[in-house]
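Listed in TrEMBL for this protein:
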- B:Glu134, B:Asp165, B:Gln191, B:Glu239: divalent metal cation binding site (BINDING)
- B:His399, B:His472, B:Glu549: Mg(2+) binding site (BINDING)
- B:396-540: domain 'VOC' (DOMAIN)
Number of protein chains: 2
Amino acid sequence: MRRSIATVCLSGTLEDKLAAAAAAGFDGVEIFENDLVVSPHSPAEIGRRCADLGLSVDLYQPFRDFEAVPPDVLAANLRRAERKFDVMEQLGADTMLVCSSVSPDAVDDDDLAAEQLRLLAERAGARGLRIAYEALAWGRFVDTYDHSWRIVRRGDHPALGVCLDSFHVLSRGTDLAAIRTIPGEKIFFLQLADAPRLHMDVLQWSRHHRLFPGQGAFDLTTFLGHVLSTGYAGPLSLEVFNDVFRQSDPWRAAVDAMRSVLLLEEDRLPPAPALTGHAFTELEVSGPELAEALSAMGFTHAGQHRTKPVQLWRQGGARVLLNEGSGQISALAVESADPAASQARAAALHSPALTDVSLPGVAAPDGTAVFFCGNGWLEDFPATGAPEDAGAGITGTDHVSLTQPFDNFDEAALFYRSVLGLQPELPTEFAAPFGLVRSRAVSNAARDVRISLNVALLRRGGWAPGVPEPQHLAFTSEDVLASARQMHERGAPLLRIPDNYYDDLDARLAPPPELLAALRKYSVLYDRDEGGEFLHFYTRVLGSRVFFEVVQRIGNYAGYGAANAPVRMAAHRRLRLAGG
Amino acid sequence: MRRSIATVCLSGTLEDKLAAAAAAGFDGVEIFENDLVVSPHSPAEIGRRCADLGLSVDLYQPFRDFEAVPPDVLAANLRRAERKFDVMEQLGADTMLVCSSVSPDAVDDDDLAAEQLRLLAERAGARGLRIAYEALAWGRFVDTYDHSWRIVRRGDHPALGVCLDSFHVLSRGTDLAAIRTIPGEKIFFLQLADAPRLHMDVLQWSRHHRLFPGQGAFDLTTFLGHVLSTGYAGPLSLEVFNDVFRQSDPWRAAVDAMRSVLLLEEDRLPPAPALTGHAFTELEVSGPELAEALSAMGFTHAGQHRTKPVQLWRQGGARVLLNEGSGQISALAVESADPAASQARAAALHSPALTDVSLPGVAAPDGTAVFFCGNGWLEDFPATGAPEDAGAGITGTDHVSLTQPFDNFDEAALFYRSVLGLQPELPTEFAAPFGLVRSRAVSNAARDVRISLNVALLRRGGWAPGVPEPQHLAFTSEDVLASARQMHERGAPLLRIPDNYYDDLDARLAPPPELLAALRKYSVLYDRDEGGEFLHFYTRVLGSRVFFEVVQRIGNYAGYGAANAPVRMAAHRRLRLAGG
């Protein structure tokens, strides 16, 4: 039999994956959409590369949430499918995987599902393509292979068949006998995966994933209130089973733990003064690259520290300090209504005060200095007299993004929550080209202080790029497309985003054509949530690990463009490999 | 309120944990039984150390599977409890945590549970101790806090109360209102843990834990048989979402993947010749330590390689080669019914053949050489003429234990399964002092070839000791106590097991007193399963990473003493820290 492998099985860029699959003797590949989207090569180029390597493109996947929907959703889904058929034609892939729907738009109606899948198969068949329908084990209405086969049989079209995936079949424990009733030519594709028997239950949750109070999602304050109301006078005791804590420095973990219980008795702590914005971010630089980039982005070297070799760069409300050093974000400073009180709270929470500095501040878990600024700090930076640049539309700082040491991710979230009084947002997880990444932001209620924390889900080894991961500083603009255009014209080192991203964006979210064209022209990325829209673009990595982002939030977009992060990571990685 | 922390929250030895908790300002600790069991310090010494550090011992835990059992089990459980009360008295702990039962011996009878817990509380109260009963979220019959409170109220004894653990309460989503109905003085203990909201379901299983065919527990051969019977003629395609593979070298992963599909078409592979035992194990040594240890263990330096500086050491059927090098297990050799055919199968499975060696062999994923030996290999080792040592009862090789590189654990299991035709046993997981460890053995049907593979659950960082982890070679003895006594007398560098282990063993398994005394005297460990018993002892780590074990299997004991591995690891770690 011919042997294929899905690109999602392997680490690296799409080019790495194809080369590795060919070298191991595979006959074909399944191209996973995200691998293509982050690639700088067009589908036709990838198709040619596969042919050169002796690989057929056996499947394009996944196409989600298609069937059993109202007419308007169906129309949008068919449009989306046609865009993907375009991609498949260029790739030379003849079969598309359609997963059973998990969408809230779908209804429980096998006849409707069959009718709509038949429609999709007609469109596919007209282009010489086929639809392989797969029952996800967690599909909303269709979650067993025999159910998917009943729908395919009812759809009754030569370009419509089933895809059998051993995981989805065997994880459900469904009887296998019905497989024998499917004509072989209607099994369009066979995917194989093994898995350990796992009992993914509350016991596993308890044994591996507990956290110190304030690091997770439990409402422990209410819980504790109930217990204390009984007159309980024994100790508050932490009992936390956590895979990471089990292998990390116990002295640090114990301080983290103590911080968590101190925070539970919040009323006994000095209150957290209000924070009103990012005062500045300090970067350590070892060459001219960052200053040149800031200049090309419209920043002015406005001030120079009285005694230290520290430059103040400014544009709108965004302030960056450049210091000599090893090329990282060395400090973030927040505007505090009462810096001394902020410092007192930090001390009460066992955070190490910084010494030898003129501002009150503490060290964050990753070693970044966190300063509390009042009004006067700018007085340390007499004007350079440099003419004020007209700028490129940057108005302030949106967020600082810091990749955390593997052992200190939850510690960092608790540090910012307790010491600075910020609120942790919901964690997210996404698949980056070299492994999964977990991300969590902390912010204040006004959302003018935002810090994004990131960590690899598994500590990286020799193959996947590990420490130091890039860090970045995101500025705000009220017209990000104009800012991008101006910065392009000024020669800022902006990051180029591949065309595949925009083709996929068109298929997924269908932005107006003129907006899509502008996004594509200036390598601006786009995201959308219930609250609004998000436009953003990036620079290259400057020096060893810092880059800049410029963002525009339209409406109440709450996130940080995590869906686009893998595209950015792949682009940065490519430049690094190319020595760029 | 007083603040406590369970030792299980922190990494390291019990001494590390106590020092870290005190340094962070905690008032007390919960001592987790396993931390004490692996400690060389007596409970009284630990109690004094806590007092010196200003820590109270607020809880001793866990005591499992006590209540609602038949009379004979109750009697054994009360005996076990009295042993633990002895420990608590020495520690200065006044409260014991009793978790709701998960035992198949328990019955669903609240009256019986209350009556037996009252009995336990009477025994505890007579010694000035208290019982805190906690409902595990996965308890067999008692899994909510209000249920545990109803039983405690019914038990109605001053030394009986509940323990509330926020994880068990909040993970179940139980209404909190009933907490207010519990008198505060009947809440004996409060444990706090936070947790992320996790949906530990088939989707997570699918997205993070898939494996290549043959690495997991699915019966893919049967599944594939069903599919092929339909006439399906498309490709076999692998689709595996796996956190580790996502960040490991794709060229290696692709070869691993190819091996997995080749194994699915077993009938097209050269068959795996029968293996009949371990021929030899080769150790690279850089000093006299290993040779001296073998000598003290009763081995004879029986042969010397014709051309290479390789020594053959022998006792009974156990054969060890010592070569010059960096202090690790460099090769394992199995007796094959047809070495050339073994080699042909390995080649068909894309395993790199070894070159520059006189025996057929391949490199395992961790770099260890695997040789296939026929009858003639001993001819390369002419006798030294050294007088044959009378020995110390070693009869052969039981298993070779190899800690795998983090990225290659599943690859290694598949390598031994496919290339050598061994069968993977069920994986186990245990908590070692510096993090969780996953372990899986592969063996032949006759069980005269066994290889144990181990890996840290998370790649270790700076704090927890990481690479290189120790490797070891386990010999068999038909009277392990006699072997241990003889080796002691001959001055072999045996590993000393702390008394706490034997006190716990007595409480848990109650071996006959004379056996217990002998085990304790010679630092022999003990385990038991449905099939039989296991007695085993260890040497210190010799050189940089190798140690020896001597084991005796009584009846059909199937395991490798994993329950005792943390005791061994802590003892080795102590010696390493002490420079021993």
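Using the three backbone atoms N, Cα and C, a Cβ is placed for every residue, glycine included.
Here the Cα atom of B:Glu239 (divalent metal cation binding site) is found 34 Å from that of B:His399 (Mg(2+) binding site). In the three-state DSSP reading, B:Glu239 (divalent metal cation binding site) counts as coil. On a Cα basis, B:His399 (Mg(2+) binding site) lies 42 Å away from B:Asp165 (divalent metal cation binding site). The average pLDDT computed for the domain 'VOC' (B:396-540) is 94. Filtering of the binding-site residues B:Glu134, B:Asp165, B:Gln191, B:His399, B:His472, B:Glu549 by Cβ separation from chain A (threshold: under 8 Å) yields B:Asp165, B:Gln191, ordered along the sequence.
Those residues of the chain, other than B:His399, B:His472, B:Glu549, with a C-beta within 8 angstroms of the mean position of the Mg(2+) site C-beta atoms are B:Asp398, B:Val400, B:Ser401, B:Ser452, B:Leu473, B:Ala474, B:Phe475, B:Phe547, B:Phe548, B:Val551, B:Tyr560. On a Cα basis, B:Glu549 (Mg(2+) binding site) lies 40 Å away from B:Gln191 (divalent metal cation binding site).
Neighbour density around each Cβ, counted as other Cβ atoms within 10 Å, peaks among the binding-site residues B:Glu134, B:Asp165, B:Glu239, B:Glu549 at B:Glu239.
For B:His472 (Mg(2+) binding site), the same-chain residues that are 6 or more apart in sequence and have a Cβ closer than 8 Å to its Cβ are B:Val400, B:Ser401, B:Tyr538, B:Val546, B:Phe547, B:Phe548, B:Glu549. Just so you know, the Cβ of B:Gln191 (divalent metal cation binding site) picks up 25 other Cβ atoms within 10 Å once every protein chain is counted.
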